[in-house]
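Listed in Swiss-Prot for this protein:
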ACT_SITE  Glu207  active site, proton acceptor
BINDING   Asp175, Glu208  Zn(2+) 1 binding site
BINDING   Asp175  Zn(2+) 2 binding site
CARBOHYD  Asn98  N-linked glycosylation site
CARBOHYD  Asn395  N-linked glycosylation site
SIGNAL    1-22  signal peptide
Amino acid sequence: MQKTYLWALVSLLASSLVDARSAVFDQTPLDIGGSDDSFDSIARIDPNSNDLLKSEMDKVIASSELLSLHRALVEIKSISDNEQAVGGFLMDYLYSKNFTVEKQFVDYDDPTGKPIRTNRRFNIYAYPGNSASPGIILTSHIDTVPPFIPYSLSHPEPASFKREDILISGRGTVDDKASVACQVIAAMDHLEKHPDIPIGLLFVVSEEVGGRGMSTFSNSRLNSGTYHTIIFGEPTERALVAGHKGMVSFTIRVHGKPAHSGYPWLGRSAVSEMLPILTEVDRLGDIPVSQGGLPSSEKYGRTTLNIGFMSGGVAANVVAEEAVANVAVRLAAGDPEDAKDIIFRAIRNAATKHRKDATVVISNGLERPKGDIEVIFGLEAYGVVDIDADVDGFNVTTVNYGTDIPHWKIYGDNVKRYLYGPGTIFVAHGKNEALTVGELEAGLEGYKTLVAKAAERERS
């Protein structure tokens, strides 16, 4: 891991020597004699000349500080709970650009959600000089979902090559290393032009698995409350997000009684009892509140549920003793505690309708069960998150995914929160995670616009 990020840093710094005239890096295409929108030398290449095509695509990446930084970040594996290597690389990179960098260690969780002390993974908080409490902060996460997918380049039409159409693929290319790279370069550009208006960078771990990185920052001295604008990075297709749905998660655990499958009446199948419960749970977002369903709203649409995992039993010839299901709820309205009440009532009603003497209890999942059916709610729960979207020139949308925004406690009045980034969430966790050079570079311009608007607020 150490060698990987050191190699990436050396390669990236070497590429930056192409133009060391200032701290702001040239974002214009490398001129190799082509027209404004294509490279003639590549347009004449036989489409089957893969080696030459790859070489020219590599040149495009190496010629840009943004694209080179993005590549270096993506090439370092940083699956949640294992972000140390990419964190070390990013710290060294920011040091080399004259940022003051603070490392904030983040604990791991045990099964109860209590922190386990460790010095392995860490957040990164960077700022210029002694300006530890800037008014503007850019923040993204440096962890990714599994599995790791290596960085690669391709082009849909090699015979009519355009640099902006180069497709950059790999885990984290979109979520969230595109935003990390853009935010770093946007901050450097801003500080070169406006050194009197400091800007901070916060890169956190663990966003994909509960948000402990942001929670750690939020509860620390670094969350000074002196900021007036926070710009969060996530894939939004370069739209400003006016808000996102809330989140509730829960596990259902059914305890049955094992028996020989030839004599099922001698036991009680946990799987058979789970099925009507899940059928009822699955429809909670589709029925009105008056009929026991979960709320909807004009802004966010209907609440959705996903039964993401289910298991039960040990063999076809054994009546199942245990069954487990995990469910994620994206709340479109209402309080998460009210949603939990609705969910619990639905589970209890379905269970007792199937078997009158069924006992349903809320549990922490760790103690000896006190009922036939346990409902275990996750530690993370929050309602809808409304976000600012008042900067001209952007499309405005809402999203269904969760972010670190609710994990950051805001101190002070009139703090603007923006959510923006290049790439689409539709590929973010998939095997086809990717974005084009054009999308990444346009994302940088959007961040520059948001930073400029934030700087205007500071001047006023």
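From the backbone N, Cα and C atoms, a Cβ is placed for every residue, glycine too.
Glu207 (active site, proton acceptor) and Asp175 (Zn(2+) 1 binding site) have their C-alpha atoms 11 Å apart, to the nearest angstrom. Sorting the recorded positions Asp175, Glu207, Glu208 by the number of other Cβ atoms within 10 Å puts Asp175 first. Of all Cβ atoms in the protein chains displayed, 11 besides its own lie within 10 Å of the Cβ of Asn395 (N-linked glycosylation site). Here the candidates are the recorded positions Asn98, Asp175, Glu208. The one whose C-alpha lies nearest to that of Asn395 (N-linked glycosylation site) is Asp175. Within 10 Å of the Cβ of Asn98 (N-linked glycosylation site) there are 11 other Cβ atoms, across all protein chains. Cα separation, Asp175 (Zn(2+) 1 binding site) to Asn98 (N-linked glycosylation site), rounded: 26 Å.
Taking the C-alpha positions, the distance from Asn98 (N-linked glycosylation site) to Glu208 (Zn(2+) 1 binding site) comes to 30 Å. In the three-state DSSP scheme, Glu208 (Zn(2+) 1 binding site) is classed as helix.
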